[in-house]
Structure formats: structure tokens, C-alpha cells
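Colleague: I'd like to ask some things about the structure below.
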């Protein structure tokens, strides 16, 4: 059988990935992924996570953000995580594997959260990329709309929301939607986010509902 050759774009991505200083640093420190440096930088600027908080982490696998969050909230806090992909266990993290887009999975996640409101909703969700920007953008926007809907269901008054968003069609409308629901909204582009990536993080605090 002839081995399928990698496309130039995938070969370039692999080289960029393994040459990435943050990938190397994450491996050296035994961290789940380079994504932990993004939430670490956001935490340094915005102080979203504190001891004793309850946090929901959407799109959690392989666990970088959950790993960071559980260290921040400590033994008296809670981290409830969800992803369609499997994730190796992390002490102190209640992980649910399932497709967040499905009602049954959402129901199971809400059961894990319980009756009390949460302090922070985090979303690093991203769709499987097709390579067609219009399709990928629509899929990404759908996921972040679901994340915002999660805030409406579980986030306490004055709670916080941090979400990965890809700049493109629908971005401005989504940003305006968040500004109506939160007292303060900032856009962050962490140093560890690849420069050519369209991703930014919306950091919203002071939930009004």
C-alpha cells in the first residue's frame, strides 16, 4: 500500500508545532498542552480564578485549562469539564466525555453542575477544521453561542466568562451580545497564541443576570 503523503500545509503545521517554544516548554514542565500558557496569561491580567470557586471548562481535552484551574481554585473549589474527546483523569476535575452540542450531554453536564450557580465558564472549544473558512467559521460561531447559552443557565451574577473566538463573520455581533450581558469585556491575544491564527479570547466579567 502506498503511504499517503502529507499536504504541504500539514507538514508546515507539524514543523511549526514541534519548533514551538510553548510546546517545548509544556513538555518540559509536564503540562497537558501549550494552551495552559494562554489561560495563565489571561489569569495574570484578569484574575478570573480564585480559591474556592466553581468553574466549568468546555472543550477541556487534553486538560491544560482544567489542570490550571484546579490549581487555582484549590481543594475547596470545583472544576467540571466536558469534551467530545477523552481526557486522562485530573485530580479534582469532574470530567464528562460527550458532544456538548447534544441535549443529552448538556443535561448530564447540568446535572454535574447541580443547583448552585458557578463562578466562571471557560471555553476553549473549536470545531474540526475542514479547511473551508466559511464553513469553519460557522461551526466555530455555533459552539461559542452554545457556550454563551451555558452562561445564561449556570453563571452566577457578577460571574466571569472566557471564550476562544475566531475573528470573522459573526464576531462583531457576538461581541456586542456579550457586552449586553457583562459589565466589562476585553479582547486578549495571548503571546502563546500563534501570530497567524485568527483566534482571540473574549474575557467578560460582571455577569448581569
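Positions of Cβ are set from backbone N, Cα and C atoms, glycine also.
Okay, so Swiss-Prot annotates it like this:
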type	residues	note
BINDING	63, 65, 83, 99, 124	S-adenosyl-L-methionine binding site
ACT_SITE	164	active site, proton acceptor
Colleague: If you count, for each of the binding-site residues 83, 99, 124, the other Cβ atoms lying within 10 Å of its Cβ, which residue has the minimum?
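Modeller: Checked 83, 99, 124; of these binding-site residues, fewest Cβ neighbours within 10 Å: 99.
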Colleague: At a 10 Å cut-off from the C-beta of residue 65 (S-adenosyl-L-methionine binding site), count the other C-beta atoms across all protein chains.
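Modeller: For residue 65 (S-adenosyl-L-methionine binding site), the 10 Å Cβ neighbour count is 28.
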Colleague: Let me know the largest Cα to Cα distance in Å among the S-adenosyl-L-methionine-binding residues 63, 65, 83, 99, 124, as an integer.
Modeller: 18
Colleague: Work out how many Å separate residue 99 (S-adenosyl-L-methionine binding site) and residue 164 (active site, proton acceptor) at their Cα atoms, rounded off.
Modeller: 18
Colleague: Report, in whole Å, the straight Cα-to-Cα distance of the residue listed as 'active site, proton acceptor' from residue 83 (S-adenosyl-L-methionine binding site).
Modeller: 15
Colleague: Within 10 Å of the Cβ of residue 63 (S-adenosyl-L-methionine binding site), how many other Cβ atoms can be counted across all chains shown?
Modeller: 24
Colleague: If one looks at the chain holding the residue listed as 'active site, proton acceptor', which residues at least 6 apart in sequence have a CB under 8 angstroms from its CB?
Modeller: 59, 123, 124, 125, 126, 144, 199, 200, 201
Colleague: Does DSSP give residue 63 (S-adenosyl-L-methionine binding site) helix, strand or coil?
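Modeller: Where residue 63 (S-adenosyl-L-methionine binding site) sits, the three-state DSSP reduction gives coil.
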